[in-house]
Amino acid sequence: MIEYRNLRIALLGAGSVGSQVARLLLEHGDELAARVGAGLELVGVAVRDVDAPRDSAIPRELLTTDATALIQSADIVIELMGGLEPAREYITLAMNSGADVVTGNKALLATHGPELFAVADQVGAQLYYEAAVGGAIPIIRPLRDSLAGDRVHRVMGIVNGTTNFILDRMDLEGDSFENALAVATELGYAEADPTADVEGYDAAQKAAILASLAFHTVVPVEAVHREGMTTVTAAQVEAAEKAGFVVKLLAICERLTDPETGVEGVVARVHPSLISRRHPLAAVHEAKNAVFVQAEAAGDLMFYGAGAGGTETASAVLGDLVSAARRHLAGGPGVGESTHANLPVFPIGAVTTRYQLTLVVTDKPGVLAQIAGLFSEHGVSVEAVQQTVATAPPGRSGDEPLTATLVIVTHEATDAALSATVAAVSSHDAVVRVESVLRVEGETP
């Protein structure tokens, strides 16, 4: 049996994930070495300040502020600093220095992924990034390797634990968005500034990565349609529950064919959606993540688990580390990311789906028929309508009409047609306001 020298591992960052990677690597080094066939020696951990207080088991002698020297001495570099710079600079340096790289940096990959993959191809390095999407959930490797011989049609997932916790609490406990967010913050599921999560930026970055990987084309994060979930109300969640739906913030990536030109392209989008309570994603509770994949030959697949957490995400990082170590020992150039399809990225207006609209209208004879007529004029077919009992608006004067709430579910329509319909409905004299517009994904309850 060939005996190999220890592989030198450099770690950049000692935060919640980095500290757990270091701990597990030090505690389970012998077992990992047995799996790889060579020792994995953690030779240093780059941090901004070696004297900063940190709750981790990293020996002080491993800490350094000289990331450049550490990178140039390593066989494999693990980047867990986050952010765009200097992470991009360090990853590029590592690959140019002959090291493979493991990263969990979704923002960097969504923004500079094509550039970094090009560097990897040029120098024969490999860039691993399982931890960038879904925490502990294996989704990058299945899309990249296991389904490499299949044709993926759709990827739909809950990829942000903060928003899933909030919406789950609104559904099960009847909380308002504000109360659910406060609980999420108290339990550590939400950051002090939750904007990246609740406005969909985090999920959009992950959608860009998944779409690029699933459809073998470059999908820039700027091309991902994004809507946050801060406007979702307890009343909407309750109405969804009564109709057999649940509200989830979904990242959806899919192949589409332009009906006029026959050109195939892709769409990536993030927004609150209604899904049937019978759908597997409806059973994803609290801060868990799940990704539902539909492929031509494999059919429906779902990957479920912890989408965040230091130890959980460290599991994905160490899995990539073992793969990188095995490749290093085997030799040969890395396997590049496939973007051969070079498909166009369509705008959200090309998407065809069903919708649920909630309207507050004046309670007059003929209003429902007039509203239905506006839908018909814009090519949107109505599947079902529910109307609440008329009520008096707050502060109503004696001659002011009562109001009623209409919940309208449409048949499939393009986003462009629905947007035109909403604009027409909003300007109708009998419509007090459009309370909400939610897309419906999957089958009817």
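Numbering starts at 1 and runs along the chain as displayed.
Note: Cβ is positioned from N, Cα and C throughout, glycine not excepted.
Keep in mind that TrEMBL annotations are predicted by a computer and have not been checked by a curator.
Remember, it's a predicted structure, so these values are computed and weren't measured experimentally.
According to TrEMBL, the feature active site, proton donor maps to LYS206. Of all Cβ atoms in the shown protein chains, 29 besides its own fall within 10 Å of the Cβ of LYS206 (active site, proton donor). DSSP assigns LYS206 (active site, proton donor) to a helix.
A coil conformation is recorded for ALA14 (NADP(+) binding site) in the three-state DSSP classification, outside any helix or strand. Taking Cβ-Cβ distances under 8 Å and a sequence separation of 6 or more, the neighbours of ALA14 (NADP(+) binding site) in its chain are ALA22, VAL45, VAL47, ARG54, SER56, ILE58, LEU63. What TrEMBL lists as NADP(+) binding site is LEU12, GLY13, ALA14, GLY15, SER16, VAL17, GLY18, SER19.
The annotation NADPH binding site is assigned in TrEMBL to LYS106. LYS106 (NADPH binding site) has a Cβ environment of 24 other Cβ atoms inside 10 Å.
Feature annotation from TrEMBL assigns L-homoserine binding site to GLU191. Under the DSSP three-state reduction, GLU191 (L-homoserine binding site) is assigned to coil, being neither helix nor strand. Here GLU191 (L-homoserine binding site) comes close to THR162, THR185, ASP197: these same-chain residues lie at least six apart in sequence, with C-beta atoms under 8 angstroms from its C-beta.
Look at TrEMBL and you will find 356-439 tagged as domain 'ACT'. Counted with DSSP, the domain 'ACT' (356-439) comes out as 23 helix, 33 strand, 28 coil.
Using a 10 Å Cα-Cα cut-off from LYS106 (NADPH binding site), the recorded positions that qualify among LEU12, SER16, VAL17, GLY18, SER19, LYS206 are LYS206. The NADP(+) site, placed at the center of the C-beta atoms of LEU12, GLY13, ALA14, GLY15, SER16, VAL17, GLY18, SER19, has further neighbours from the same chain whose C-beta lies within 8 angstroms: LEU11, GLN20, VAL21, ALA22, LEU80, MET81, GLY310.
With every protein chain in view, the residue among the binding-site residues LEU12, VAL17 whose Cβ has the most Cβ partners within 10 Å turns out to be LEU12. For the binding-site residues SER16, SER19, the largest tally of other C-beta atoms within 10 A is found at SER19.
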